[in-house]
There are 2 protein chains.
Amino acid sequence: MKKTAKIPYAAIERLALYSRPLKVLLKTGVTVVSSEKLAEYCGVNPAQVRKDLAYFGEFGVRGVGYDVNDLLREIQSILATDREWTLCIIGVGNLGHAIVENDNFREMGYRFVAAFDKDQEKISKRLPCGLLIESVERLRDVVRLRNIQIGVITTPPDEAQRVTDLLVDAGIKGILNFSPTQVKAPKSCVVENVDFAVRFEHLAYHLSKVPLK
Amino acid sequence: MKKTAKIPYAAIERLALYSRPLKVLLKTGVTVVSSEKLAEYCGVNPAQVRKDLAYFGEFGVRGVGYDVNDLLREIQSILATDREWTLCIIGVGNLGHAIVENDNFREMGYRFVAAFDKDQEKISKRLPCGLLIESVERLRDVVRLRNIQIGVITTPPDEAQRVTDLLVDAGIKGILNFSPTQVKAPKSCVVENVDFAVRFEHLAYHLSKVPLK
DNA sequence: CCTACCATGTGCAAAATTTCACAATATTTT
DNA sequence: AAAATATTGTGAAATTTTGCACATGGTAGG
Ligand SMILES: NC(=O)c1ccc[n+]([C@@H]2O[C@H](COP(=O)([O-])OP(=O)(O)OC[C@H]3O[C@@H](n4cnc5c(N)ncnc54)[C@H](O)[C@@H]3O)[C@@H](O)[C@H]2O)c1
Ligand SMILES: NC(=O)c1ccc[n+]([C@@H]2O[C@H](COP(=O)([O-])OP(=O)(O)OC[C@H]3O[C@@H](n4cnc5c(N)ncnc54)[C@H](O)[C@@H]3O)[C@@H](O)[C@H]2O)c1
């Protein structure tokens with residue numbers, strides 16, 4: 001594999017996808033898996049699986065397949081989920097609550113160490129996970145003090161850019177924005193806009209092409 | 001534009017993206033927008049905007065741009081969000097709760113008319129939006145009775161395929177699966193797997209490539 | 001009515017991504 | 001130990017998607 005081949009954006013996302021069945025196989029006691037099986041579990045082409053993995057190294061054994069445990073560790077190392085990340089959430093509404101309380105994220109190494117809101121009713125309340133909701137006015141200080149790397153935005157869309165600017169100003173390195181607007185930040189801060197309502201719209205589009213009987 | 005050009009999957013998702021700033025412009029009283037502006041708001045190339053729209057028709061006026069109101073309606077018509085869809089949710093945990101309670105979805109035409117869980121503690125409780133949580137055992141009957149078209153899965157991943165099979169059996173036409181596993185269904189049922197934890201992993205990957213100071 | 005101007009719609013080239021097909025290599029069978 | 005079988009890694013082909021560049025058609029001002 002050419003050393004500096006450009007890695008498709010989609011390949012990274014598929015890597016994450018591959019890790020899901022690997023975890024299940026590991027628990028089930030299966031030790032080896034082929035690109036064909038893995039592809040089947042994830043609904044992709046086997047050559048795609050092999051090529052995606054080949055961007056990062058040679059993890060398989062010809063004629064045999066991939067060692068489940070090894071491959072999972074390799075993928076986690078590539079995706080940097082083998083380490084701890086410190087995060088904060090801004091906007092503790094229904095979605096923010098769901099994300100912060102999700103055990104899965106903790107297991108993946110995402111540790112929420114702060115939660116901010118601007119609603120006086122919510123500030124100073126404690127979440128089930130133990131996290132205290134703080135005023136968004138404290139954001140800058142708290143981000144610096146607790147060395148927070150990633151900010152997750154779950155405010156309404158009209159507040160999202162303002163919150164982004166606050167986060168950037170506080171020196172945050174990455175942002176996940178769940179509000180349905182594209183926020184912008186300087187190159188020093190990596191932004192991922194996650195508008196998952198588009199998936200509803202995508203489904204509706206497909207259903208509208210299909211006779212609904 | 002060639003009549004039967006194959007429409008890229010990504011084009012559909014971008015259409016949804018374009019609708020977000022259009023709604024804001026409409027509210028702000030702006031009546032006309034150029035592909036350049038729209039592209040800027042959405043972080044894409046202006047030619048891309050024009051080409052995406054051209055798959056479906058000629059919505060603009062040369063030398064002028066697009067009428068905000070008209071374009072929004074066209075997009076909503078294409079994405080079939082100009083009509084009502086009836087949905088149910090399976091798994092009323094934190095995420096399921098957030099989705100059902102989200103006003104935005106209702107405004108987009110997604111009407112949740114049933115919520116199912118298997119937890120006896122939750123069954124028969126009423127959600128803030130007024131929806132009653134019902135036993136998943138009633139799924140088949142309720143789906144048919146209330147003419148439900150789309151099922152949204154927010155159960156843990158190890159239950160997702162079972163729930164999918166139930167939904168398919170009940171005759172559902174589309175499924176949105178939010179659990180981190182790829183569920184499979186016959187071609188008669190359109191499935192959209194929405195594993196948004198991959199976006200966390202994607203961000204972590206990028207941050208690990210960047211010096212974190 | 002003519003001219004200057006502007007932004008769309010689109011043919012075509014470029015780039016990116018996916019898939020094929022097979023050489024390479026490990027294991028199992030005879 | 002040779003043959004048969006299995007499955008990876010990858011160059012090259014096929015396909016898909018994006019972006020350029022400009023003709024086209026509409027507006028506005030004189
Ligand atoms: N709920 C969902 O299923 C869902 C799905 C996709 C996207 N979203 C988006 O996620 C965002 C949150 O959704 P939700 O359902 O949790 O809404 P919500 O109204 O329940 O929560 C929003 C929270 O943000 C807080 N907030 C507002 N402005 C703030 C600011 N400047 N600083 C700090 N906190 C602020 C509010 O006080 C509130 O607690 C919205 O943009 C929504 O469109 C939600
Ligand atoms: N919370 C998040 O931010 C988040 C993000 C991404 C993905 N997810 C995924 O979404 C799913 C739900 O997440 P959550 O945080 O809401 O979890 P949760 O534990 O709060 O909720 C799960 C709910 O599903 C119900 N359930 C379990 N099996 C069922 C069955 N067979 N039929 C009907 N109901 C059943 C449970 O009783 C519970 O109420 C999980 O798969 C999770 O991985 C969650």
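Cβ from N, Cα, C; glycine included.
Given the structure is predicted, the values throughout are model-derived calculations rather than measurements.
These features come from TrEMBL:
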type     : residues                                 : note
DNA_BIND : B:17-56                                  : DNA-binding region
BINDING  : B:G91, B:V92, B:G93, B:N94, B:L95, B:G96 : NAD(+) binding site
DOMAIN   : B:80-182                                 : domain 'CoA-binding'
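With the fewest other Cβ atoms inside 10 Å of its Cβ, the least crowded of the binding-site residues B:G91, B:G93, B:G96 in this structure is B:G93.
In sequence order, B:N94, B:L95 are the binding-site residues among B:G91, B:V92, B:N94, B:L95 whose C-beta falls under 8 Å from a C-beta of chain A. Remote same-chain partners of the DNA-binding region (B:17-56), defined as residues 6 or more beyond its termini with a Cβ less than 8 Å from a stretch Cβ, comprise 1, 5, 7, 11, 64-69, 71-72, 74-76, 78-79, 81. The predicted model assigns the DNA-binding region (B:17-56) a mean pLDDT of 96. Shown in sequence order, B:T154, B:F178 are the residues of the chain, 6+ apart in sequence, with a C-beta less than 8 angstroms from the C-beta of B:L95 (NAD(+) binding site). Between the binding-site residues B:V92, B:N94, B:V92 has the most other Cβ atoms inside 10 Å of its own Cβ, all protein chains included. Candidate binding-site residues: B:G91, B:V92, B:G93, B:N94, B:L95, B:G96. Not one of them has a Cβ under 6 Å from ligand 1. Counting residue by residue with DSSP, the domain 'CoA-binding' (B:80-182) contains 36 helix, 27 strand, 40 coil.
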